[in-house]
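Novice: Below is a structure I'd like to ask you about.
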Amino acid sequence: MRQHVNPLSRFFQLPRPLPSPEEMFAQSSRPLHLDIGCARGGFLLGLAPLQPEWNHVGVEIRHPLVLSAERDRQELKLDNLRFLFCNVNVSLEEWLDALPRDQLQWVSIQFPDPWFKRRHQKRRVLQPSLLIALATALQPGRELFIQSDVLSVIEPMVMLIEQSNCFKRPGDDFHPWQRTNPMPVPTERERYVLDQGLQVYRRLYQRNDQQAPELSNLEALWQQVDNPSEEEHSDC
């Protein structure tokens, strides 16, 4: 069972300086993949050896998981992978702003913590300010991939992304949910869900050429995002 932390607690509201690609990687000019909410890092530990031409960064708010993932990375001697501890909605925007143009080419948000209730909206990982920061860092054609096994978790993410008008779905994707994972390695949660015969809801987006919206405008739209079945879920 996943252990939640409250990202709005005082401890997690303290900004953390994050190392630049030059500080993390010997070959820092490689294209960058950012995995938001990487948990114990099993997905990236499997992916990084298959994509040595990429640098991979996993960010996670649960510090013990980051320490565990970093130990595994060091044992495997993966020099194109790093794990960072932070609250992405506090510390990531400045890091994204400092990246060289078009270095960030792929972003994944997979099976985020299920803050169901609307009053917990600000605890959800994909906030308007983070989406704008990602949209600003991603050049046209670069990709954002999201997936979850909980429909009421991924639907608000989809609504926020599409309300931003910064992303489009690939032209050959006509299904409500993408049927296959575009990545060659599943997450631990994905394997578990599929082994149970349950559905995974996926969306792949490409950055379009529209300018990122003003934060206040997107926040106003975000307040309209609601989960009508929220009362069916207990507090987390």
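Note: Cβ is positioned from N, Cα and C throughout, glycine not excepted.
Given the structure is predicted, the values throughout are model-derived calculations rather than measurements.
Grabbed the feature section from Swiss-Prot, which reads as follows:
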type	residues	note
BINDING	Asp35, Glu60, Asn87, Asp113	S-adenosyl-L-methionine binding site
ACT_SITE	Asp113	active site
BINDING	Lys117, Asp149	substrate binding site
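Map the listed features onto the structure and describe their local environment.
Specialist: Sequence-distant neighbours of Asp35 (S-adenosyl-L-methionine binding site) (same chain, 6+ residues apart, CB-CB distance under 8 A): Phe43, Leu44, His56, Val57, Gly58, Val59, Val107, Ser108, Ile109, Gln110. Asp35 (S-adenosyl-L-methionine binding site) falls within a strand when secondary structure is assigned with DSSP.
The secondary structure of Asp113 (S-adenosyl-L-methionine binding site), as reduced to three states from DSSP, is coil rather than helix or strand.
Proximity of Asp149 (substrate binding site) to non-local residues of its own chain (separation of 6 or more, Cβ distance below 8 Å) is seen for Phe111, Arg189, Glu190, Val193, Leu198, Gln199, Val200, Tyr201, given in sequence order.
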Novice: Counting only other Cβ atoms and using a 10 Å cut-off, which of the binding-site residues Glu60, Asp113 scores lowest?
Specialist: Asp113
Novice: Within 10 Å of the Cβ of Asn87 (S-adenosyl-L-methionine binding site), how many other Cβ atoms can you find? Include all protein chains, please.
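Specialist: Result for Asn87 (S-adenosyl-L-methionine binding site): 21 neighbouring Cβ atoms inside 10 Å.
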